[in-house]
Structures are given as structure tokens and as C-alpha cells.
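Some features that Swiss-Prot has for this protein:
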BINDING   152-160, Arg245, Ser253, 377-379, 383-384  3'-phosphoadenylyl sulfate binding site
BINDING   Lys182, Lys183, Arg199, Trp204, His209, His257, Trp264  substrate binding site
COMPBIAS  41-62  compositional bias 'Low complexity'
COMPBIAS  423-454  compositional bias 'Basic and acidic residues'
CARBOHYD  Asn117  N-linked glycosylation site
CARBOHYD  Asn128  N-linked glycosylation site
CARBOHYD  Asn231  N-linked glycosylation site
CARBOHYD  Asn324  N-linked glycosylation site
CARBOHYD  Asn329  N-linked glycosylation site
CARBOHYD  Asn380  N-linked glycosylation site
REGION    39-122  region 'Disordered'
REGION    422-471  region 'Disordered'
Amino acid sequence: MDERFNKWLLTPVLTLLFVVIMYQYVSPSCTSSCTNFGEQPRAGEAGPPAVPGPARRAQAPPEEWERRPQLPPPPRGPPEGPRGAAAPEEEDEEPGDPREGEEEEEEDEPDPEAPENGSLPRFVPRFNFSLKDLTRFVDFNIKGRDVIVFLHIQKTGGTTFGRHLVKNIRLEQPCSCKAGQKKCTCHRPGKKETWLFSRFSTGWSCGLHADWTELTNCVPAIMEKKDCPRNHSHTRNFYYITMLRDPVSRYLSEWKHVQRGATWKTSLHMCDGRSPTPDELPTCYPGDDWSGVSLREFMDCTYNLANNRQVRMLADLSLVGCYNLTFMNESERNTILLQSAKNNLKNMAFFGLTEFQRKTQFLFERTFNLKFISPFTQFNITRASNVEINEGARQRIEDLNFLDMQLYEYAKDLFQQRYHHTKQLEHQRDRQKRREERRLQREHRDHQWPKEDGAAEGTVTEDYNSQVVRW
């Protein structure tokens, strides 16, 4: 009985051993787990170290990567967000600067929707604008008589933007800029007439940093003199553009510029056919310039033109008696100036914001149907940003520029609404284009398939008939 039982027991044991041996040969990855088959670690004891297989090595902790070759991290491209850089060293320090001679492919251009100064909050419109105010598309006829007029407000990034206009636009006949010359020749294709009125093309033809009041009364006459007499019968469109900047940053930048010796004393300030008298526009300093002026001294001058400069340069000054402060009371004057500046800014063909360089580029390109060669660069470090002021000084600057603060909030809201509206229209056109392409592809396939089916049927019929004849 015992012998028969041992025979029956021996067969399953041998079979089990055979299966275990075969399993070890067939499954090499099981080596580590099968070596201690049947041995379980006691409570509180760590089991034998297992060698991670290829499939589990990716999930292994870092200390188990010793035998795995460490590859260098992949190269990272330029970030889509803010790009800090030192302020460009030039006469007018500006936050944005074109990258000269650098031409990127289309897919490498920075996304204009990406945040430029850190994480931006979700945009919520504050002002109600009509569809006409938000839609900006200019049928700019560069081969005709149309002219772009750049209103350059001090310390708003105008020097950089002006260089973009003469050196960075893709044109049939680019502007000719020679080394050592401050002005470029921007002629229309096949003509010796200029299409751009700016510091770097025509110079300060209407005075140094001429404002809206001066330009609108001066530019038409200047352009008629420069133009050929035979073209005077044709109509001409003037498209005014400008740049705005955060009032506190702009004010500090102007203070630093004046501190280095800038005066702009040759500005004409023409209004109603004359310049202001010394009593109407006194100076803040007795000497040739205001070099070394402190911020407190700069703010204490009540007739400092830096105060509310953006509103004054965009408003129609003839509405308030020009620089004659006795023409009306101060409250009424401020109300009229602010409203006039808002209306003129809204009716301009284009305006950009220094703090949003890429969105400025995007809107300009869509407005005038012109493309820039190199993308705009956002500089976050300027001389103004390096100035450390306390909260009291900042509040004082905001109070001195209370009109500019209101204008900038209005301008920023209009700018953002125009940008989002333009992006939305562009997305709609792209979707419509894709739908049209898919529809054409379907029609093309539908036209091809019946012909192929018909040809196949004809071939079968012909073969059958020929076989019948043969039979």
C-alpha cells in the first residue's frame, strides 16, 4: 500500500519540478523572483533586492538608476513668456527692440497670444465699443498717395517702433537706410514719393515730437510740397498711428532722460498758428538743461510738460485755447482734453502699447496687411524699471498724471478688445477655409469614384461580349 502511494505521489512531484524548470527557461525575467521561490520575508524584514526588468526600470526610484545611462536633457527653445534683457543703449531708451538681420521661419515666430509680462489675468472688458471701433482693416495703397503718419510721444517705445517701420517691414521696395544717416528713404514702388511720415523717414518736419494738433495741421501741407504736382488732383489718405505706455513707467523714463541732459527745447508746440508765449509755457529750469534733477524736483514743477503728456499730445489743444490756461477753468479743460484724446486715439488707424510688443506687431500687421521681417522683442528691464520708488512717490506720480492714467486704462481696454476681436475673426476665417477645403476634397472624391465604377463595368461588358463572339 505504501509503495503504491509513493508511486502516485512521485508522479505529481516530478511533473511539478519539470514545470518549474521549464518556466525558468521560458521566462528569463522571472529569474529574480523565482530564485527564492517559496521563501517569503518575515514581518518587519526586507525581502531580497530585485533587479528591475526593462519594463519596470522606468518606474524605478532614482537610486536604482545607477546602471542606466543618463542622457543629457533635450535642448530647450526660447520661452514663449517674458524675455528679460538689458535695455538697449541708445538716445531714447525703449522697452522693445528689433533683432537686426535675424529672419526666423514662420513656425518659429512667437505666439502673440502668449503672456508677455508674466501670467496675465483673464481679460474682462470694461468699456463698450462698437463693432466699427474694434474692426481695424486699412486698405493702405502704398503705390498710390496714402501716407502713414507716426505720432511719436516721448518715452513710449517710439524710437524702436520707428526703426521697425523703416527697417523691419517686408516691402516690394524696402526703405533705403545708409550707415551714418539718421533718415531713411522710403519711396513708393517705382516712384520717388514717400509713403511714411516719421522721424526716421521725413525727419522732424513739423517740429520735434510734434503732437496731434501740430501734425494734423502741418502734415498735409508738407506732403503736398514733397509730392509731384501732377498728383495733386488725386485724393490722399493719412493714417495716423502712435504708441502709448504705462504712465508711471513713462514718467520715470522721461525723468531719467531729462536727468541725463535731454530738454526737447526745440519743440515748436504750434497751436492755432503760433507757439506759446513764455508766460503760457514757462520752463522748469534756469540753465541750458536740467541735468542731475532729482525726482522730487522733477515732480514739484507744476508746469512740467511730462505731466499728462500722453493726453496733451493726443488731444486737440485748440478746443481748450491751446496753452492759455485762463481760457477756461481747470476742471472743464481737463474733461475736454481727456475726451478729445480718447476720441482721437479711438479714430486713429492704429495704436500700440509698449508693454505688449508682440500683440502690437500682430495688430499692426492685420490692420495694414503688412508683415514684419523679424518678430518684436519684449524687454522687461529698462532704466525706468530699475528705479526704486516708495508707494508715496508712486502715488504722487499717479496723481500728477491722473489724466494719463484714465487714458491708458481706456487705451488698454480698447487694445485688448481689438486684439481678441481680430483673433476671433481670424479663427473664423481659418475654420471656414478648412471646411471649404474638406468640401472640395469630398466633391473631388465623389467625381472620381463614379468614373472608376463605370469604367470597370464597361470593361466587364466588353470582355463578356467578346467571349460570346468567340464562343
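Backbone N, Cα and C define each Cβ position, glycine as well.
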For the binding-site residues Lys182, Lys183, Arg199, which one has its C-beta crowded by the most other C-beta atoms within 10 angstroms?
Arg199
Note: in the chain of Thr156 (3'-phosphoadenylyl sulfate binding site), residues six or more apart in sequence with C-beta under 8 angstroms of its C-beta are Thr242, Met243, Leu244, Arg245, Arg250, Gln310, Thr354
DSSP says Ser253 (3'-phosphoadenylyl sulfate binding site), in three-state terms, is helix
For the recorded positions listed here (Gln154, Thr160, Asn324, Asn329), which one has the lowest count of neighbouring CB atoms within 10 Å of its own CB?
Asn329
Candidate nearest Asn128 (N-linked glycosylation site) in space, where candidates are the binding-site residues His152, Thr160, Lys183 and distance is Cα-Cα
His152
Between C-alpha atoms, which of these binding-site residues comes nearest to Asn329 (N-linked glycosylation site): Gln154, Trp204, Gln378?
Gln154
Would you kindly give the Cα-Cα distance separating Thr160 (3'-phosphoadenylyl sulfate binding site) and Lys183 (substrate binding site), rounded to the nearest Å?
14
Reduced DSSP state (H/G/I helix, E/B strand, rest coil) at Thr160 (3'-phosphoadenylyl sulfate binding site) is helix
Enumerate same-chain residues with a sequence separation of six or more from Trp204 (substrate binding site) and a Cβ-Cβ distance below 8 A; give 'none' if the list is empty.
Ala210
Given the binding-site residues Lys182, Arg199, His209, His257, Trp264, find the one whose Cα is closest in space to the Cα of Gln154 (3'-phosphoadenylyl sulfate binding site).
His209
Largest pairwise Cα distance, Å, within the listed substrate binders Lys182, Lys183, Arg199, Trp204, His209, His257, Trp264?
22
